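Visitor: For 111, 115, 305, the entry in Swiss-Prot reads Fe cation binding site. Per Swiss-Prot, substrate binding site is recorded for 134, 135, 136, 137, 138, 167, 180, 277.
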């Protein structure tokens, strides 16, 4: 069974092909970073138009990479939510049209389920059950995972996602878009303990997160530094970046430890764009070593949005006979609890 996967939920156009016997046999990705850089963030209309231009050529490139033709494809998976509605519609329309033309089934895939299952693309993949930390620009969730489609969100951000807080704080520091990765690189030059940021919602019971206060704290710290120094010098920027990242990572680690204790699980999966963060990986690896458990991450190329995770997730569901109807339907907001189990 060979499944074509299409990802167009935000600012990456991803196309991949997953083979039941060989695994991932094609992976094509185009990023719109340069397109949105001048605006300091994703412009939905521009994102949609660029997906229109890039999706079909990437499908052709993926087929060529795998040395396949359209007749070799057994099904099509596409991201149907959550995400930007216009961007989602581009991928859904192309996927449904091809499925009709090629006479194969198609299925809409939940974007965050794709991220959650991305570590399964690795040879050293986690076994169920496990706790998953989904951490990206749009989501920060702790999920109890007992199988494919057997998800319970046990904690989530009540305001900003961790990735969003990274990007907004990076903007305060004058860093280029995309800011999260730039902030992490800058933090490596920072001085520990010069600034201390709070660890929000760690002093109370529960597994929910809140990162909007950290953004405000960062803004106040920047303003005070400018007042004291006359301008924001590079070392001060690095020191603020270090303190901010340390607070976010520490907060995530504290909540992960609680979630593992509550569930009794010994496996932790970290997925989503922020899972590529070096400091986060090191901290959670140390945590799981101390707890006698295991931690799993996607390969770096599968941390950000990609077609491979959509192709794989679609394969799992199509193999069980699940598929979407002919309607081109997308869900900009979509709870994982609504997904059927396999």
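Quick reminder: no glycine exception, Cβ is built from N, Cα and C everywhere.
Computed from a predicted structure; not experimentally measured.
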Visitor: Among the binding-site residues listed here (167, 305), identify the one with the smallest other-Cβ count within 10 Å.
Guide: 167
Visitor: Nearest by CA distance to residue 135 (substrate binding site): which of the binding-site residues is it, out of 111, 115, 305?
Guide: 115
Visitor: In whole Å, how far does the CA atom of residue 277 (substrate binding site) lie from that of residue 111 (Fe cation binding site)?
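Guide: Each residue's Cα considered, residue 277 (substrate binding site) and residue 111 (Fe cation binding site) end up 20 Å apart.
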Visitor: Of the binding-site residues listed here (111, 115, 305), which is spatially closest to residue 134 (substrate binding site) when Cα positions are compared?
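Guide: It is 115, whose Cα lies nearest.
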Visitor: Hey, for the Fe cation site built from 111, 115, 305, who else sits with CB inside 8 A of the CB center?
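Guide: Going along the sequence, the neighbours come out as 7, 9, 79, 112, 114, 136, 272, 306, 309, 310.
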Visitor: Nearest of the binding-site residues to residue 167 (substrate binding site) by CA-CA distance, picking from 111, 115, 305?
Guide: 305
Visitor: Roughly how many angstrom lie between the C-alpha atoms of residue 115 (Fe cation binding site) and residue 137 (substrate binding site)?
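Guide: Residue 115 (Fe cation binding site) to residue 137 (substrate binding site), Cα-Cα distance: 13 Å.
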Visitor: Can you grab the distance from residue 111 (Fe cation binding site) over to residue 180 (substrate binding site)? Cα atoms, rounded to a whole Å.
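Guide: Computed Cα spacing between residue 111 (Fe cation binding site) and residue 180 (substrate binding site) is 20 Å.
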Visitor: Please classify the secondary structure at residue 135 (substrate binding site) using three-state DSSP.
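Guide: Residue 135 (substrate binding site) sits in a strand per DSSP.
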Visitor: Please find, for 134, 135, 136, 137, 138, 167, 180, 277 as listed binding substrate, the greatest distance between any two Cα atoms, in Å.
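Guide: Farthest Cα pair among residues binding substrate: 17 Å.
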Visitor: Counting every protein chain present, what is the number of Cβ atoms, excluding its own, within 10 Å of the Cβ of residue 277 (substrate binding site)?
Guide: 26
